[in-house]
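Contents: one structure, followed by commentary.
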Amino acid sequence: MKKMADAVFEGGGIKAVAFAGALKIMEDRGFTWRNLAGTSAGAIIASLVSVGYTAKEIQSLIQNIDYNDVVKKRGITVPVITPAINLIVNKGINKSDYIEEFIDKLLYEKMKNKLKEKRKVKFKDLIIPGENDILINNPKYKRKYKLHIIAVDVTRERMLILPEDIRYYGMNPDELDVSLAVRMSISIPIYFKPVVIKNILDGEKYFIVDGGLLSNYPVWIFDVNGEPQWPTIGFKLTDTEEKCKKNKMNTMVGFSKALIETMLKSEIDMNVIQMNNLRTIEIDTLGVKTTDFKMSKEKMMELYVSGENCAEKFLNDWEENYSVYLNLRKAYSKSI
């Protein structure tokens with residue numbers, strides 16, 4: 001029996017291969033996805049699912065990417081000096097255009113029968129017919145778009161919900177290329193060069209980077225007042241070893257990092273975190289780092305299996321946990 005749900009994918013770089021394993025189990029259990037959202041690597045997964053890629057197809061795609069191209073540097077490079085110049089001049093070390101081109105090809109491959117011409121897939125191609133509801137209680141944001149992507153405008157110091165927020169730059173949300181939105185969301189600060197947008201309205205340039213800077217896990221995006229018609233299920237990457245580590249306080253840098261992280265966590269209501277855990281598939285990433293692009297195929301397979309195992313565990317208690325979530329959410333709404 002088919003089970004309708006919305007899906008939200010956390011950012012996490014190369015570790016996102018684990019999402020494919022979790023998705024495979026959810027597909028096998030009959031889940032289909034109405035609306036999708038993601039940040040950074042989660043935006044890549046969400047975009048692929050939105051056009052019809054299956055979990056097994058996504059696994060194959062991720063395993064066959066040439067990750068040397070992901071961090072490709074154009075022209076003559078001098079160790080240490082070239083990265084430093086790129087960082088100063090271009091605000092980042094590596095280009096992310098390969099990822100945009102790669103996503104373009106994948107999206108077109110699934111949508112070519114629907115499109116009337118060979119062109120980039122745009123958000124207007126991902127509109128759900130007859131869907132008129134709004135998101136986050138704001139008429140500016142439309143549930144009609146099957147896909148939403150989170151990015152950050154560091155020039156304006158604000159989070160972007162795409163495609164809608166592209167209108168701030170004089171562009172039509174319907175006409176935004178999905179691959180460009182993904183590239184914005186995956187542009188990890190310093191590691192990748194930011195996407196630069198020239199605003200049609202004021203002629204100024206704006207720097208757009210990884211959405212994880214402000215919202216790495218936007219599980220809130222499809223929430224509504226009252227009881228939802230169907231659940232939102234989150235896919236989150238968790239390093240069990242990292243959870244147990246203590247912050248190093250023996251240097252000023254270590255102390256400052258710990259202080260900032262503590263301040264950020266204090267801004268999040270712990271009640272909300274506990275509620276969201278009940279609708280979240282937490283996937284153990286086995287110590288893999290976000291930018292470990294030289295990871296072996298064997299390690300990728302381990303991540304995929306970890307995703308499968310964690311999804312199975314999640315589903316064992318899903319119905320009971322979702323019932324608890326709805327009751328807690330109702331009580332929390334009354335208390336604020």
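Cβ atoms are placed via backbone N, Cα and C, with glycine included.
Keep in mind it's a predicted model, so treat the numbers as computed, not measured.
As recorded in TrEMBL:
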- S40: active site, nucleophile (ACT_SITE)
- D210: active site, proton acceptor (ACT_SITE)
- 7-223: domain 'PNPLA' (DOMAIN)
- 38-42: motif 'GXSXG' (MOTIF)
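Mapped onto three states, the DSSP output places the residue listed as 'active site, nucleophile' in coil. The residue listed as 'active site, nucleophile' sits 6 Å from D210 (active site, proton acceptor), taking the CA atoms of both as reference points.
Sequence-distant contacts of D210 (active site, proton acceptor), defined as residues of its own chain at least six apart whose C-beta falls under 8 angstroms from its C-beta, comprise G11, T39, S40, A151, V152, S185, I186, S187, I188, P189, F192.
Secondary structure from DSSP puts the residue listed as 'active site, proton acceptor' in a beta strand.
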